[in-house]
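J.: Under the heading domain 'PLAT', TrEMBL lists 1-57, 66-182, 195-310, 327-447, 453-572, 583-733, 743-860, 891-953. Summarising the annotation, TrEMBL assigns region 'Disordered' to 681-701.
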Amino acid sequence: MLLRKITIGHNNKGSSAGWACDKVVVDDMGNKELYEFPVNAWFDISEGDGKIQRDVLAGATQPMAIVYNVQVMTGDIRGAGTNSKIHFAMHGRKGIKNSGKLFLEGGTFERAQIDIFNVELLELLSPLSRVTIGHDNAGISCGWYCEKVTVYCPFTGLEQVFPCGRWLDEDEGDGLVERELYEMVSLRQKKQKKFPWSLWIWTSEIKGAGTDAQVFVQVYGETGKSDEMKLESKSDSFEQGQCDKFIIEMPDIGKIRKLRIWHEKRHPFSGWHLGRVTLMKTLTREKYSFVCNRWLDINEDDNEIVRELPATGKLVPEIMIYLIFHISYRVTICTGNISGSGTDASVYLNIIGDLGDTGERLMFMSKNNANKFEKGNHDEFLVEAANLGQIRRVRIGHDGRGGGCGWFLDKVMIREEGQPEASSIEFPCYRWLDRNEDDGQIVRELVPTDDAVGYHIAIKTGSINGASSDSKVFVKLYGEKGDTNKMLLVVSDNDLVNYFETGQTDIFTIETFDIGNINRLLIGHTNEGLRAGWFLDSVQIWVPVHGVQYMFPSHRWLCKDEADGKVEVEIYPSETLEIEKLINYEVTVVTGDVWTGGTNANVFLQIYGEEGKTELIQLKSRSNNFERGTTEIFKIEALDVGRVYKIRIGHDGSGIGAGWFLEKVDVKRLVMAMVKPEKKEEDKKDKKKKKKKKEEEEESPGELKEVVRAFSFPCGRWLARDEEDGEILVELSTFVCSRVLENSYEVHVYTGDMLGAGTDAGVYINIYGEMGDTGERKLRKSNHLNKFERRQEDVFTITGMDLGLLKKLRIRHDNKQANAAWYLDRVEIFDTKDETMYFFPCQRWLAVDEDDGQLGRELVPVDEAFMKRDEDDEEESSPAQLGLEQKAMSTTFTMTVKTGEKKSAGTDANVYAILYGTKDDTGNYENNSDCTISINSPAATEKCVCVCQVSLI
């Protein structure tokens, strides 16, 4: 029998347990064979990789270990934890191969805790047939309740779960202290495969070449790139003349093209002179070399701390070396020319192209300005990188530090050094990068056309003791079309004072390019602050533009002192749900440059198109919006309404100085359209060919592409109660069809002849037609000074876009003032354009203490003959007949609302609901009778049900 490998280690006992082993020699005296096992590694939990047990191949000169991630969960019952030494074994397919007994060092195995370990083996055992786990039954409280064991093998991408749910205790259950566990196949997950690589880094031997800074590396291949990897060791690394060895894991990225290496510190003593780097795939022995021999130091060479090194070696063809030659890119960053637009923060940039990216580069040395990023500046920088191919987008931001860190960026222009300025690719921005302005973001991804996608991320912190964190959290999304950079989550959408508190859910929005369907997520924190440790419960991501929501369970610590000590983790979606699909709109609002033209009120917008309408959208940001003479841009997500023909915009009249002079509104959206290719100038020799192809070109419809379609809505009027007609809401149509669509409606409101029928409350109406609705309008100016009195007819005029044939109306009051109850007899509307009268009978109370307690009614039109018949009928049967007439023209929905059984689940507020259908919505339906009484239930165990009827045409 020939010896193939040995397993060697120690039990970590004694005052000086650490051990550095050079090699092992085994003499097989019977077969007269001598085997040498080179080790050259520490067996010490505080040196190198912290391992105290290793597998070594005979004659091996390079490490070839496969890493298995093992998670052991202790049960959540009393006394479940143990002080015993836990051992573990993995068995391969059919149980032929196994790992042997492995001791899981460094775990605490406390109640309800997950202990995580990385186990290195020379055998590929995944998928496993079973695992064996047990303990030595030594010490006080040696009994242990094991909940489950999870094993993940990056090489195969398989995560297997082995449930236990039993005691390993001589005094409990069957008395066993070791058990064999079998996989629950239904819980098996297929994750991205990752392969082990060996990395050697040589620091130069020149004086002062070493560094104490944290070093990072990222590898690029023909089909993708690795993550940014932090090179950590428990020994002193990157010393002068030293070779440091690391084992890293990367997905399959094809043949290696280049490597980026950098360190994080910029102080004078962190400089590093890098000699060379070697990278080898452990299983196939593919080897690549990367020569540097340059400083990574702000005081040496070109002052850069980032180097991109092209791959060399037998596996790299000459054409590849040519393709990845170094290029210098001239970057021009244009700061805006508005008040306070400059910044003192540190600005960084990442250029992304077809062949890779530059990584985040600090814009340190401006070539033309000593004081960078000042108001109106055009700062130029040189960025040296491997050839990126066609540049597609840039990611730019700052660190948010300093008193005047807010920055208004106009645009970024990039060209190859030596090329004319006309060849520059322009990336427009024209937005703030400021936590207190616009949307609060300090990092933006810019593309030549506006096709960014919004990703909404809800992060839930666990509810266990000490789960909160003071550190900065970052995420990185991976999709089928690419992945994002690591993005710090610094500004929450739900505006909570402190982020990532125990049991709290924080919501963030990031805008980036379309990465397609998300397949995994990297989340972690910077490990800064007094309480950096964090217990992450779960993450939800919803992408309205794609109509998809992703669920990412985590339920683990991200803490240096807990579990496996990791502060970042890669998690996979457990569930994907369909949600309502929306599209992106860009809304530009121009406030007039007139005296007191700005407003402090809340501004709302609704967009109407040929295929429907959006919901009522509030236009808001962190900036001081709608000031005199300003232009503001809002990015919103809403339903696709097709070709836009009108908008409704207004404000709520709140705040001091609510009056507003609106100049115009522009709406942009992306649409799919056939685009013909641009015609190129041809030489005389090609004229004959041109004639032959002329007919083919005329017949060609072009290529289907996304193009930006803009709609302009001029206004030039006041929206103020003390200016012009006193309206604070206006409907605007595009300039081309504004005269065609405008119309006026005379609204005649008849209060009934009942005792106490009149009201002093504010009355609101919304008229619906075939071509949209008027939006809810307050009925202000009547032909009577005292409106809505008993037996009175009040006449109002509503101006807006033509609605076509009227379908229904919704009328309500706000239940304010002492005499709010109102008996409405009917509403009649005269269409001044078509000279048509519509009749909307009601004959019901709008009062909380009358009839069914409703404050609003939805009325449908009846013909004139019905109204005349009702007037001539002497019997008092018209209300019943009216109910049948209206019921025939409407749909009744029965809505059941169940209040939860949790403590204090009930409410004293008036609950409202809006039903959305494919044709329309019901509007704000507020129930003020049985629903409010039923829901007001303080007892935790009571259930309440409310039933209401809504008429929807």
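Glycine residues also receive a Cβ, built from the backbone N, Cα and C atoms like all the rest.
Curation does not apply to TrEMBL; its annotations are automatic.
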J.: Most CB pairs under 8 Å with the domain 'PLAT' (66-182): which of 1-57, 195-310, 327-447, 453-572?
T.: 1-57
J.: Given the domain 'PLAT' (1-57), which of the listed stretches 195-310, 327-447, 453-572 has the most Cβ pairs that are under 8 Å apart from it?
T.: 195-310
J.: Restricting to the domain 'PLAT' (583-733), what is the model's mean pLDDT?
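T.: Here the mean pLDDT over the domain 'PLAT' (583-733) amounts to 81.
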J.: Which numbers of helix, strand and coil residues does DSSP report for the domain 'PLAT' (453-572)?
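T.: Split into helix, strand and coil, the domain 'PLAT' (453-572) gives 0 helix, 61 strand, 59 coil.
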